[in-house]
């Protein structure tokens with residue numbers, strides 16, 4: 001009897017210490033989270049402040065006089081419309097790259113051909129090559145092909161990636177071979193099998209890759225920076241780093257440019273976060 | 001023709017990516033190796049005949065270059081301070097989120113992950129504003145609680161730490177997700193058994209969770225270390241390597257020599273020094289990991 005009582009007492013004490021722990025970790029995470037969000041908050045509110053309010057000390061936490069002037073200036077006096085268009089073109093091209101990655105993943109996953117394993121190791125090995133080493137030779141190669149300062153030259157170096165090929169291969173290996181065999185017996189060509197059987201099955205990973213490809217293309221910086229000499233080929237990131245140099249003291253304008261780049265990605269990510277995070281959990285550690 | 005196309009299908013599937021990867025990843029390694037032994041510069045770009053082989057001169061020069069030495073010192077500084085901080089913070093946040101029972105803890109995953117998906121240039125521009133000595137929010141907040149101004153980006157050592165703080169903010173999210181995934185892979189029965197034996201939360205974390213996470217910690221430390229060895233965009237956008245080369249990283253040194261001063265051969269030699277360092281450090285880590293798993 002008394003031991004049962006004691007056990008119960010111990011239990012409830014454990015529960016209350018558990019609840020205290022939950023509260024404590026909740027508070028710690030909230031404070032940390034506020035620090036993590038602070039730069040975004042400051043970026044967005046500052047982008048709506050007029051120049052006079054930006055240089056005001058002490059700073060205002062919420063724009064007192066709300067203005068869109070910084071954003072209109074980006075488009076009317078800087079070439080942010082051109083940068084925006086170029087960035088979208090790069091995103092579109094990177095979707096061709098995504099398709100090529102999926103094709104290669106399928107080739108490596110479901111066919112047995114001579115040299116398959118050696119070639120796949122070669123693909124994986126490219127993941128270990130740092131971009132600083134390839135930066136200069138790729139520039140020289142593109143230059144000798146006459147592709148510097150062209151959109152093709154900007155897009156090509158980063159079009160395909162070993163990591164995406166690896167993910168596609170892992171996922172496509174789980175597609176039952178009998179299914180492909182049956183379709184083949186019905187007279188379908190290999191290309192038709194890919195388009196009508198494999199791609200639909202791969203939809204979950206394709207969707208996540210599509211979002212990550214968008215984010216990657218939207219954020220692309222290094223190759224446009226190196227390959228584009230002409231302002232008409234700049235992307236948003238390159239334009240923004242240019243803006244920071246030209247308007248070093250105009251923080252409202254800089255924040256508007258940053259907001260324009262960051263907010264679409266934040267919205268997209270928050271909307272799809274469940275799928276992206278789960279994809280990492282599934283594919284990342286296997 | 002159709003039969004032939006069908007038979008060659010696997011090769012046709014992999015050909016485009018293999019060609020692109022060969023052209024932009026494999027061939028460049030060889031090209032970089034060759035030009036690192038030449039005096040190639042802007043003139044050589046126009047006329048290949050003006051390039052001449054100079055043996056190991058670039059390597060000898062670059063290893064004597066005080067700026068390169070500074071860049072190596074700074075990069076080691078970034079790695080030594082940055083990597084442990086990334087692991088510590090991402091692991092701690094992952095543990096707290098994973099132990100949480102309320103639904104709100106799922107929202108924290110998004111909050112901490114957000115910086116990882118945002119554009120590095122935009123983020124660097126924003127932090128540059130936060131760090132501004134007169135108008136920046138950080139100094140204002142410090143003054144508010146009675147602390148003096150901090151020379152965030154104007155004093156060489158503090159500038160390095162400021163860049164680390166920004167990079168830490170950006171890197172925690174992705175690694176936290178990797179840790180959460182690994183945490184969820186630990187069987188619940190281990191904890192139940194420990195609870196029956198009367199182990200408290202702290203004991204469970206230190207005796208079960210951390211040992212079970214050994215592989216994830218190893219994975220994160222290797223990828224983070226390789227990433228920090230290539231530290232580039234943060235100093236490029238925020239400080240251009242200044243003040244007094246105080247934030248110059250090896251990657252930025254290579255970029256500046258290649259594309260600002262057009263010393264392609266010299267920069268390629270520098271990039272190979274970096275490449276060899278990355279490979280060596282990775283191999284050492286793999287070896288350490290192997291020894292450790294042999295012991296247990």
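Every residue number used here counts from 1 along the chain in the order it is shown.
Cβ from N, Cα, C; glycine included.
Remember, it's a predicted structure, so these values are computed and weren't measured experimentally.
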Margin query: Between the candidate ranges A:59-82, A:83-106, where does TrEMBL place the transmembrane segment annotation?
Written below: A:83-106
Item checked: Per TrEMBL record, range annotated transmembrane segment [choices A:148-168, A:169-189] -> A:148-168
Next item on the list: Grab the same-chain neighbours of the transmembrane segment (A:118-142) for me: Cβ-Cβ under 8 Å, and only residues 6 or more beyond its ends, written as numbers and ranges.
Entry: 104, 108, 148, 153, 156-157, 162-163, 165-166, 169, 222, 226-227
Note to self: Using a threshold of three or more Cβ pairs below 8 Å, and leaving out pairs closer than 6 in sequence, do the transmembrane segment (A:247-272) and the transmembrane segment (A:21-44) count as in contact?
What the structure shows: yes
